[in-house]
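As written in Swiss-Prot, here are the features:
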type	residues	note
BINDING	His15, Asp171, Gly172, Lys173, Lys248, Phe249, Asp257, Arg263, Lys264, Ala280, Lys284	ATP binding site
BINDING	Asp17	Mg(2+) binding site
BINDING	Glu43	K(+) binding site
BINDING	Glu56, Gln100, Asp257, Lys288	L-methionine binding site
REGION	100-110	region 'Flexible loop'
Amino acid sequence: MSRYVFTSESVTEGHPDKICDQVSDAVLDALLAQDPSSRVACETVVNTGLCLITGEVTSNSQVDFIHLVRNVIREIGYSGARAGGFDATSCAVLVALDQQSPDIAQGVNEADDHSGDPLDKVGAGDQGIMFGYACDDTPELMPLPISLAHRLARQLAAVRHDGSLSYLLPDGKTQVSVVYENDRPVAIDTILISTQHTSEVEGISDENGIRERITQDLWTHVVEPATADLPLKPNREATRFLVNPTGKFVVGGPQGDAGLTGRKIIVDTYGGYARHGGGAFSGKDPTKVDRSAAYAARFVAKCLVAAGLAQRAEVQLSYAIGVAKPVSILVESFGTGKVTNDELTALVQDHFDLRPGAIIEQFKLRQLPQQRGGRFYQDTAAYGHFGRPDLNLPWEDVTDKASTLLQAEAQQQKQGSSL
């Protein structure tokens, strides 16, 4: 029997890097909502009293970027007396956006391998490798450690926003260690929560007293509600629970650490349980395969697991800049497949169109901000891009495709047995 502990982390929307992801995706939403053909590569930097947005944009949209950025920062919770050196109203907002390089644009506008099919005309916006993953740890087919870390981070933000724990400030991190036996989760070993807070907590000013109070409150208001519907729950006696191990966390957010777009790519995906191609998501329009192809790879992997063709599935895609069709497609089922990896790969090649233009069209990636009232990608920029039933993400809806795959596999087996 193999036994091991696997750990994943998440961060709240007030973490400096996550502020940047949300700002970059808010810029993307605003541009696509007016002009769905916008080309966007927006990077954000935050530090004490400063937010800079930079990158490349080609669009017919008219956006007040400074107003937009301030609204995102305010919504996260950095405003007024609790802003801590990074106030939505008073921070400097700098905008340095250029147009997309014509050398890149020509390859995206017309793929090198197009053959008259309109979907062939959209070439990949860059070379790269992307991974998608799914497993049957949870109902949303995500690894349990990252799923639970996100639950805790979201609940931590929720009790701050609703005033249940009024001393909490926006910055925070969670980390969960899960015990696996034979690759199945059997216990929650450790939960770690680091959360920014006011210098005094409900009349308590000494460091030990503050830490004890926060520990008690977080178990009651964060851990228990976040895990209430899980079959595998933490146990107050058996699960190690660590809160603010350094003692206090008063200085946080951009005042404590600079933030950058794209520095939480493992948090955004599978918590390290699957491989990652290295490309970030936020601030990138759908022609960037770092984003769109990673969504498609997750869709494929989730379809395979939902269809019962594997308990775990990892899909690798690779692309060349300016070329529509993937350079390679590979499926790995880690010995859990109902059929071989080669057969799974053949099923994927036969039943999924993984050209960028086809991915964009299938998931309506250019239209989603417009269809959802001007906001879509910003909501994916915190608490993960996958396994999010709260967001109704098109790449998570696999019911129909999984059924088609199952039928195709059954037909394939029937034909094989008749030979």
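A Cβ is built for glycine as well, from the same backbone N, Cα and C atoms used for every other residue.
The Cβ of Lys284 (ATP binding site) has 27 other Cβ atoms within 10 Å, all protein chains considered. Cβ neighbour density within 10 Å is lowest for Lys248 among the binding-site residues His15, Lys248, Lys264, Lys288.
When the binding-site residues Glu43, Gly172, Lys264 are ranked by how far their Cα is from the Cα of the residue listed as 'Mg(2+) binding site', Lys264 comes first. In this record, ATP is bound by His15, Asp171, Gly172, Lys173, Lys248, Phe249, Asp257, Arg263, Lys264, Ala280, Lys284; the longest C-alpha to C-alpha distance in that set is 36 Å. Other C-beta atoms found within 10 angstroms of the C-beta of Glu43 (K(+) binding site) number 22, with every protein chain shown included.
The residue listed as 'Mg(2+) binding site' falls within a helix when secondary structure is assigned with DSSP. Closest in space to Glu43 (K(+) binding site), of the binding-site residues given as Glu56, Lys248, Lys264, is Glu56, taking the CA atom of each residue.
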